[in-house]
Ligand code: NDP
């Protein structure tokens with residue numbers, strides 16, 4: 001078997017074209033979607049993620065502002081900046097790039113962002129709404145993964161899904177979204193005993209671990225759909241996922257690559273949320 005590659009890059013390209021049309025429409029009605037990204041420090045990985053977000057936003061026609069502060073910025077200083085943008089009607093999305101320096105409490109920062117502008121979907125109000133199946137900003141990576149699976153026409157109803165990883169930004173919410181799609185979801189993590197016993201049973205396997213080539217061909221059920229979220233930099237400088245791509249290719253039915261898989265969809269879903277927020281604003285104005 002040779003797996004069909006689900007290209008996040010291609011899917012993202014199509015979605016960005018659609019979003020660009022929506023932005024044009026919004027502009028014609030007097031609203032220009034605007035995203036503010038706040039970066040504290042100059043961590044190279046964070047800078048690269050922010051650059052990707054800026055490129056996508058501008059390509060779609062979203063106005064983008066980067067607020068880059070030195071690592072010496074205090075927690076209160078950061079909370080004040082967020083407050084300013086919470087109160088700015090021209091701003092539809094606020095994203096604080098994580099991780100933050102140790103002296104800043106991440107939870108306090110996430111909770112400071114208005115849930116109405118929380119385009120990362122990390123605020124507990126949006127997390128709770130997602131859990132209860134209400135309308136909300138969905139977290140970008142998990143939402144992108146669901147889109148990728150749906151893009152190849154897979155019905156998740158009754159499928160055995162195994163998510164390896166239980167972080168608040170990827171593992172937990174992707175399991176929740178797949179549960180909302182009527183899959184039967186199992187979470188695995190670093191304390192799971194006999195991981196392979198679970199992964200081998202997965203019709204859909206999501207790897208969000210952060211260890212290069214962690215999932216081998218022998219861990220995968222023949223014909224499974226394998227979603228590789230990991231982004232790991234090898235000593236050679238090359239990026240690779242959590243799944244051994246070459247081995248998985250001959251076992252899985254569908255497989256996402258790294259790079260060019262989940263990453264581009266994550267960024268696209270951020271743009272989607274920003275456009276959605278601008279639409280919500282327009283609805284408010286029209287009332
Ligand atoms: P975290 O480090 O927060 O979480 C990793 C998870 O993997 C934890 O739940 C941990 O378990 C689990 N884990 C670690 N070791 C093992 C093991 N030996 N066996 C089973 N489970 C294990 O990472 P993130 O969720 O933030 O990110 C995961 C990966 O996805 C990273 O490579 C990251 O770079 C990438 N990523 C990619 C994105 C994209 O857009 N493509 C977006 C976000 C992340 P425990 O909870 O027990 O510690």
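Placement of Cβ uses the backbone N, Cα and C atoms for every residue, glycine included.
According to TrEMBL, the features are:
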- 6-120: domain 'Tetrahydrofolate dehydrogenase/cyclohydrolase catalytic' (DOMAIN)
- 139-280: domain 'Tetrahydrofolate dehydrogenase/cyclohydrolase NAD(P)-binding' (DOMAIN)
- 165, 166, 167, 231: NADP(+) binding site (BINDING)
Going along the chain, which residues six or more apart from residue 166 (NADP(+) binding site) have their CB under 8 A from its CB?
172, 175, 187, 189
Based on Cβ atoms within 10 Å, give me the single least packed residue among the binding-site residues 165, 167, 231.
167
Whole number in angstrom, please: the longest C-alpha to C-alpha distance across 165, 166, 167, 231 for NADP(+).
16
Can you tell me the three-state DSSP label for residue 165 (NADP(+) binding site)?
coil
